[in-house]
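Chemist: Let me give you the structure first, and then I'll get to my questions.
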Amino acid sequence: MGSMEEKFDEQLLILYASQTGNAMDAAERLGREAERRGCPSVSVLSIDEFQPIDLPNKEAVIFIVSTTGQGDNPDSMKGFWRFLLQKNLTREWLKGVHYAVFGLGDSSYQKYNFVAKKLDKRLSDLGATAIIERGLGDDQHPSGHEGALDPWMSALWNMLYQKNHKLLPNGPDFVTPDATFLDQPKIQIIYHDVEEGIPPLSSAKELKYLETQVERARSMTPGKFSGNDRPDCFLKMTKNRLLSRPDSGKDVRHFEFDAVSSSIDYEVGGVLEVLPGQSPAALDAFIRRCSLNPESYITVQPRDAENHDFLNPPLSPVKLKSFIELTMDVASASPRRYFFEVMSYFATAEHEKERLQYFASPEGRDDLYQYNQKERRTVLEVLEDFPSVQMPFEWLVQLVPPLKTRAYSISSSHSAHPNQVHLTVSVVSWTTPYKRKRTGLCSAWLASLDPQQRVFIPAWFRKGSLPPPRPSLPLILIGPGTGCAPFHGFVEERALQSKTVSTAPIIFFFGCRSNNDDFLYRDFWLSHSQKNGVLSEDKGGGFYVAFSRDQPQKVYVQHKMREQSMKIWSLLTQGAAVYVAGSANKMPSDVFSVFEEIVSTESGVSREAALRWIRTLEKAGKYHVEAWS
Amino acid sequence: MGTEMEQERLLVVTDQVAVSVSAVFDAVKVVREGVEQIDPLIITQASLDSLLSVESSSIDDVVSLCKSLEFPSDQLLANLSRVLKPGGRILLYLTSQSEVQMANSSLERKLLLAGFLDIQSSGNKSVGVTGKKPSWKIGSSFSIKKTSQVLPKVQVDDDADLIDEDSLLTEEDLKKPQLPPSDCEVGSTRKACKNCTCGRAEAEEKVEKLGITMDQLNNPQSACGNCGLGDAFRCSTCPYKGLPPFKLGEKVTLSGNFLAADI
């Protein structure tokens with residue numbers, strides 16, 4: 001122990017790889033708990049803010065990593081992971097480094113917590129020493145990942161204390177009494193007297209005004225919206241068409257947008273991120289509840305702006321109401337446990353204070369989960385359930401979940417529709433455990449828009465997991481439900497290309513509930529599968545539909561695929577690429593299984609050999625999956 | 001039967017007690033051209049035991065003179081198939097008067113079910129159906145398709161300098177994880193998944209109603225005192241779960257929380 005203390009700083013580094021914010025939340029909580037136990041130096045960073053080359057110099061590193069549905073790393077971890085996988089790193093490279101891994105995953109997926117498991121093994125293979133066994137958080141647990149996090153954290157403090165007393169100078173169990181201790185908010189608000197901008201008179205000015213507001217507001221909180229402050233463009237909706245049958249129980253829309261602010265460019269298979277609007281009624285209710293003045297102008301800065309590497313020039317103020325509207329999710333996302341903890345400090349009614357403290361405690365964790373996370377309680381609802389709480393605006397800005405963009409697969413080909421972008425969106429709706437009807441924020445908002453109104457939508461273009469194919473590449477596409485969206489773009493594009501160059505065939509497997517209810521884009525697919533179209537059998541292609549509910553037994557895309565076993569194999573031997581897209585969590589693995597079957601049957605090799613061959617296809621960039629839930 | 005004749009071996013079976021040589025020749029003419037040279041083995045009142053001494057795959061042609069449509073039985077037919085060489089022929093010849101079409105199709109079906117190929121009826125006047133034993137031996141193996149047993153080569157832009165990350169997982173890791181016991185509401189049986197696609201969630205929604213009486217809504221009471229405070233304070237079994245906060249005795253407003261129906 002002695003040599004280690006001389007070599008390293010008494011520093012605890014916490015690195016998180018978060019996709020939806022859960023891992024970040026857990027990491028921040030870990031950091032707070034460490035500080036409360038007197039750890040002299042705690043650093044909480046997103047893993048992409050850390051240079052892996054520095055890893056051997058660290059004394060104690062804690063990794064909090066999420067696994068996405070397909071077993072992949074979060075985007076922020078890809079660079080770090082690539083570095084770690086290098087063959088030339090030796091088994092001694094991380095000698096002397098102490099680490100612990102906590103994973104956030106979902107045991108209903110086959111590849112449960114794969115990211116944490118692989119990271120744990122790799123770190124140990126590289127010579128690092130595990131402080132404790134890896135912890136695996138599970139969304140399926142009654143209290144979500146916190147169920148595993150709490151006991152894992154206690155074990156961590158104990159072992160950390162044993163390894164190095166200086167990390168926790170007051171011992172592992174010492175905690176500053178909760179009742180008196182409240183951290184300071186991390187940000188400060190500055191109110192301005194200056195009024196900015198007279199109400200704009202023309203739509204061009206209106207657009208410009210909106211542009212500046214969006215950019216300013218979203219740049220003010222560094223780190224929260226990295227990559228998503230300045231929109232790539234603004235869109236105006238031109239079509240809002242119902243694709244599914246009314247009263248079918250589904251509401252699937254076809255949206256068309258014109259780009260109004262600047263020229264756009266995207267490829268088929270790409271993704272559009274949209275910033276949703278929030279209900280004016282909800283925003284007003286929030287502002288009233290929090291006793292705020294919507295007309296005041298503010299800037300938001302880190303509290304210790306002088307100490308930060310925050311070199312940007314101070315931003316011009318934004319209207320408080322705009323700031324909330326553009327950056328704070330008040331009527332959709334649920335607040336986190338820490339929100340309840342901070343609320344308890346600002347509750348003046350005794351029974352509310354008690355209840356909030358209970359919710360924030362380990363004993364109340366499960367009840368909090370039932371009331372809040374499972375029920376998808378919104379910030380506004382929580383504040384209204386605890387009416388005596390008056391939280392300062394600084395805390396609200398810090399703790400209200402950030403308004404997130406929503407991503408959708410683009411269903412148009414830019415070549416076929418210049419300056420336009422089309423989406424295929426299913427309006428999300430569900431009933432909560434408490435029997436309340438809820439709808440998805442963005443999908444419902446888009447569905448409510450009237451193309452006659454002038455609403456400008458901030459949007460970003462991203463590459464998805466489906467790289468655009470060359471015209472000469474034969475394609476096997478599987479896209480049930482809204483999974484057909486990117487393939488709508490593929491077919492539009494290839495149909496256009498086929499006019500000037502020779503194109504390879506496409507076979508497309510679509511699935512839906514019923515011919516009458518939700519056969520999305522039926523006429524489009526049928527027209528391209530006739531008369532030498534790109535989906536036609538004459539051209540070596542095909543279009544096959546599985547209607548799951550039109551007969552007593554369920555028929556899914558995988559059943560249709562089996563029927564076309566020879567055709568699929570024939571295309572695979574010609575070097576076809578496979579694209580799978582859709583929204584069910586089991587579908588991609590069911591489809592993968594059918595491929596194993598087909599390859600094995602048609603070529604005569606064993607199932608294991610078929611599996612390995614398909615894995616090679618993945619590595620060669622010939623098997624792509626875009627799955628969402 | 002121990003003959004070393006080069007000419008093809010012919011077996012004739014019949015269900016009759018006795019059969020004339022001319023009757024045999026008439027039938028044999030259907031399958032053979034020169035009948036003078038033949039020396040058929042003739043078995044009368046043929047039954048399963050009759051063929052015990054005949055070697056498998058030793059007979060070139062079988063002629064069955066049938067008085068009734070039931071002859072030969074399926075089992076005897078199978079035995080006849082056994083003694084036939086692969087590629088050998090069989091003729092089912094009806095000696096009694098019978099409706100030609102019907103009889104032929106009945107015999108055709110017999111042969112078909114017994115696994116013979118190339119089944120043909122021999123004309124309209126006489127009733128006779130021929131078939132051929134498949135020319136592969138039972139039990140031989142051969143590939144149905146032309147398979148190379150080699151999978152097409154896939155070009156991988158290899159990151160040759162990275163290890164294979166799948167090698168970091170153990171057998172244990174790869175096993176499908178055990179789901180923890182369902183965390184659904186107390187006392188409930190199997191419920192629909194969060195992202196249900198099979199329709200169960202919708203069906204459940206239809207079945208379950210609010211679970212609360214009009215009386216409870218008009219004149220709410222609370223023994224514990226917490227029901228009126230809102231969801232944050234209610235027990236998991238509270239009948240007012242999901243409803244807005246209320247004051248005791250005052251009617252509960254169902255549409256109080258506009259957000260529930262909002263975007």
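Cβ coordinates come from backbone N, Cα and C, glycine included.
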Chemist: Per TrEMBL, which one of A:TRP152, A:TRP157, A:TRP613, A:TRP628 shares the FAD site with A:ARG376, A:ARG406, A:ALA407, A:TYR408, A:SER409, A:GLY440, A:LEU441, A:CYS442, A:SER443?
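Modeler: Answer, per TrEMBL (FAD site with A:ARG376, A:ARG406, A:ALA407, A:TYR408, A:SER409, A:GLY440, A:LEU441, A:CYS442, A:SER443), from A:TRP152, A:TRP157, A:TRP613, A:TRP628: A:TRP628.
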Chemist: Name the one residue among A:ASP385, A:ASP450, A:ASP517, A:ASP590 that TrEMBL lists for the same NADP(+) site as A:THR482, A:SER548, A:ARG549, A:LYS554, A:VAL555, A:TYR556, A:VAL557, A:GLN558.
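Modeler: Given A:THR482, A:SER548, A:ARG549, A:LYS554, A:VAL555, A:TYR556, A:VAL557, A:GLN558 bind NADP(+) in TrEMBL, the matching entry from A:ASP385, A:ASP450, A:ASP517, A:ASP590 is A:ASP590.
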Chemist: If you count Cβ atoms within 10 Å of the Cβ of A:TYR109 (FMN binding site), leaving out that atom itself, what do you get?
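Modeler: For A:TYR109 (FMN binding site), the count of other Cβ atoms within 10 Å is 22.
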Chemist: Taking the residues the record says bind NADP(+) (A:THR482, A:SER548, A:ARG549, A:LYS554, A:VAL555, A:TYR556, A:VAL557, A:GLN558, A:ASP590), how far apart in Å are the two Cα atoms that sit farthest from each other?
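Modeler: So the binding residues stretch over 19 Å, Cα to Cα.
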Chemist: So if the criterion is CB under 8 Å to a CB of chain B, which of the binding-site residues A:SER66, A:ASP106, A:SER409, A:LEU441, A:SER443, A:THR482 qualify?
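Modeler: Listed in sequence order, the binding-site residues near chain B are A:LEU441.
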Chemist: Tell me, in order along the sequence, which binding-site residues from A:SER18, A:GLY69, A:TYR112, A:LEU441 have their CA within 10 Å of A:THR482 (NADP(+) binding site).
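Modeler: Passing the 10 Å Cα cut: none.
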Chemist: Please work out the helix, strand and coil residue numbers for the domain 'Flavodoxin-like' (A:12-157) from the DSSP assignment.
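Modeler: The counts are 58 helix, 33 strand, 55 coil.
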Chemist: Mean pLDDT, the domain 'Flavodoxin-like' (A:12-157)?
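Modeler: Overall, the domain 'Flavodoxin-like' (A:12-157) comes to a mean pLDDT of 91.
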Chemist: Using other CB atoms within 10 angstroms as the count, which residue among the binding-site residues A:ASP106, A:ASP590 scores least?
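Modeler: Across A:ASP106, A:ASP590, these binding-site residues, the one with fewest Cβ atoms within 10 Å is A:ASP590.
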Chemist: Could you list the residues of the same chain, at least six apart in sequence, whose Cβ is under 8 A from the Cβ of A:ARG376 (FAD binding site)?
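Modeler: When sequence neighbours closer than 6 are ignored, A:ARG376 (FAD binding site) has A:SER334, A:THR432, A:ARG438 within Cβ distance under 8 Å.
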